[in-house]
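Peer 1: So that we are looking at the same thing, I have put the structure below in structure tokens.
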């Protein structure tokens, strides 16, 4: 991505010069390794839980069921609460850690919060790789979850604050891209370590998570904190110097003054969470919460957590199931790249609506194939149908990866007003991790009881979320964050009714819009 200058013009005629400088690119790449760690943790769990040696050591009941298909049907052999807790405990810990991460992100800065995340990741990796019993294994996962909570809070926030407005969507999606690369990396590692005969392959799979953990820690030591964070903590001179460096120009005085003013206004809000519940903030809150719930009820994480287990259930051999998981992981990465290039061109709504159609069709066809071809005690899925199922799952994954995956994080990050941005960010992460935990803990049991109907269940949700996107999610492409009230919410056919009840608030927001026209300090969180 070459460095190139461009100007951002507000309606008031104020211009902010901003180049995509090398320091912005390097900082984005280093910081986004937090997504790499998150993705690896998501991908690795499904692979190791399909490895016989891992199951034999920690989950002997599941191991016996997989060795003797007659004990339980295909759909129920992995139905075990302990096995699901191994996967889901990470997200429950992440949910709890988010509350502390919100404080450290605001008080200590984005950079130090990323460093804390790296520490949790490293300790969790060591415990997991050396685990001798289930308690040690779960403790390691909980520490990894704490790392996820801190990283998901700080990394997307950092990325968006240093990104120029017109490249905001693409640079922010770097976090989501790294999540998908992490999942692919985990699938490739699992495919290799499954062939190790000494019974320690799963330890290597869990231990190699140390690579992205170290990258995040080193990255946090090397990058500078965002100007928004420095100004927010009263370090004005340092913030101005960093702003000059990341924008690649000396003409940063207007933007600097607006960031200072934005920080002043934000500090006047004593109770951001209470403020978040006010009527004028209802549209942003509803959309942020709905996007996180819908993102999980596409079924994507069920597939990504348990891809090898799922393919195994459908009759693929162990090697074939891991290989198929690698294919879906690769599709996930490539499709996220598509999103990076298209999100700021075609817009958010087009991607969401197109993906809804694509996900619905692929899930319904998968359900029909499984209904007729995969019975409780069938030995194998015919090769032709097996290939078709993999293709359809890839079709589903690709649609998600250029839409609901990255946009589930991006849209909330760019719609909350400054005074509630930190609180809105925390709510977004919390809701996402809560429903990620719910799906991770319940999916294998749902698969046992619903069988092929699990795909119909998720496809029904896809219809609901597509209708929601069609009528209630406005287009936010290329609109400065501080101008959202005037240019988006007050123009929307439904949400505009929430903007008229508090004239004082409207005036305040209007002033912020004029003063902060293109202040690039916007705070999102997460990607996954």
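In case you wondered, yes, glycine gets a Cβ from its N, Cα and C as well.
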Peer 1: According to TrEMBL, which stretch among 45-67, 137-159 corresponds to the feature transmembrane segment?
Peer 2: 137-159
Peer 1: To the transmembrane segment (204-224), which of 112-131, 137-159, 171-192, 350-372, 426-446 is linked by the most Cβ pairs under 8 Å?
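Peer 2: Ranked by Cβ pairs under 8 Å, first place goes to 112-131.
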Peer 1: Which residues, given as numbers and ranges, are at least 6 beyond the ends of the transmembrane segment (426-446) yet have a Cβ under 8 Å from it?
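Peer 2: Contacts with the transmembrane segment (426-446): 78-81, 83-85, 87-88, 91-92, 94-95, 98-99, 101-102, 148-149, 152-153, 276, 285, 288-289, 291-293, 295-297, 299, 301-302, 305-306, 309, 408-409, 412-413, 454, 457, 524-526, 528.
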Peer 1: The transmembrane segment (384-405) and the transmembrane segment (321-343): do they have three or more Cβ pairs under 8 Å, with pairs 6 or more apart in sequence?
Peer 2: yes
Peer 1: In the same chain, who gets a Cβ under 8 Å from the transmembrane segment (112-131) while lying at least 6 residues past its ends?
Peer 2: 31, 34, 37, 58, 97, 101, 104-105, 137, 139-151, 153-155, 158, 203-204, 206-207, 209-210, 212-214, 216-217, 219-221, 223, 225
